[in-house]
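K.L.:
Annotation source TrEMBL lists transmembrane segment at 6-29, 36-64, 70-93, 113-138, 158-177, 209-228, 240-262. Feature annotation from TrEMBL assigns domain 'G-protein coupled receptors family 1 profile' to 18-260.
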Amino acid sequence: VSPWDIALCATGTAVAGENALVLAVLFYTPSLRAPMFVLIGSLALADLLAGLGLVANFAVRYLLRPPSEAAELGAAGLLLAAFSASVCSLLAITVDRYLSLYNALTYHSERTLGFTCAMVLLMWLLCLGVGLLPLLGWNCLRDQSACSILRPVTKDNAAVLAVTFLLLFALMMQLYLQICKIAFRHAQQIAVQHQFIATAQATSTRKGLSTLSLILGTFALCWIPFAIYSLVADSSYPMIYTYCLALPATCNSLINPIIYAFRNPDIQKSLWLACCGCIPSTFSSRPRTSSDV
């Protein structure tokens, strides 16, 4: 058994457990039914499935005897769907942050729970379609020379996925730059007004920007090297390179709840209530704003 595969399986187990906790908190806390928490839940669900996909891939490779092509393709499809949904969820969060600042006066009332759920559902249907591609014949099991660094995905398909990922990330970065410009303009207005409400809004805006910076920065460090490597490498390259880049990429799903969900005051309160039945006095009673996520 490869120690790299053991590391990926252990990472997948930790990812699944951590994101299952986030989903449990969101599901069992009635106050966390706002649209912004739907997006957090979508990201947590995607990362949960990614963790389960890593465990399933290990089980198919080492525990399933005799080997099954359908099981191998199914595990690969689960990973494709999960990581696609993770990327799309991060894009949806970025779009939500941009619109909430660009239309700060009306977006909070226009962004209904039903509309958010419908958009998330459409996104997941698209990602599930991506996950079905290996089972529908987009694989290299019949032609090993066509395999990419991640068998059974072909080199051409891996290149398409990598380019799509880079384009989506470029879009997220463009939106993030616009968010920074809007936040900077708000800060200038606040400096002139010196009002308490404006100061509170500035604090929540800075917190939202800090969270988004952590999410996108970590996402870039974890995934961009792997995406670029997928464009230039094929199955003839040493597997050690693939493992060295794939492991940090999978760790992104382990980091997301720590720097995103668990930093949210409402989720922190729910965790304190679930664990010890109390809320520390250090928590602020300030209501949520559109910039808190």
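Any Cβ shown, glycine's included, is placed from N, Cα and C.
Whatever TrEMBL says is automated annotation, not expert-curated.
Are these features on the surface or tucked inside, and what touches them?
P.N.:
Across all of the domain 'G-protein coupled receptors family 1 profile' (18-260), the predicted model scores a mean pLDDT of 85.
Same-chain residues lying 6 or more positions outside the transmembrane segment (36-64) and placing a CB less than 8 Å from one of its CB atoms are 1, 5-6, 8-9, 11-20, 22-23, 26, 71-72, 74-76, 78-79, 81-83, 85-86, 88-90, 92-93, 96, 113, 116-117, 120, 123-124, 127, 250, 253-254, 256-257, 260-261, 264, 266-267, 288, 290, 292-293.
Counting residues 6+ beyond its ends, the transmembrane segment (113-138) has Cβ neighbours under 8 Å at 33-35, 38-39, 42, 46, 70, 73-74, 76-82, 84-85, 88-89, 92, 152-154, 157 in the same chain.
Panel annotation: around the transmembrane segment (240-262), residues 2, 4, 7-8, 11-12, 14-15, 18-19, 21-22, 25, 40, 43-44, 46-47, 50-51, 54, 86, 149-150, 211, 214-215, 218-219, 221-223, 225-226, 229, 233, 268, 271 of the same chain, lying at least six beyond its termini, place a Cβ under 8 Å from a Cβ of the stretch.
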K.L.:
Six or more residues beyond either end and a Cβ under 8 Å away: which residues meet both conditions relative to the transmembrane segment (209-228)?
P.N.:
90, 93-94, 97, 162, 165-166, 169, 172-173, 176, 179-180, 183, 245-246, 248-249, 251-252, 255-256, 259-260, 263, 293
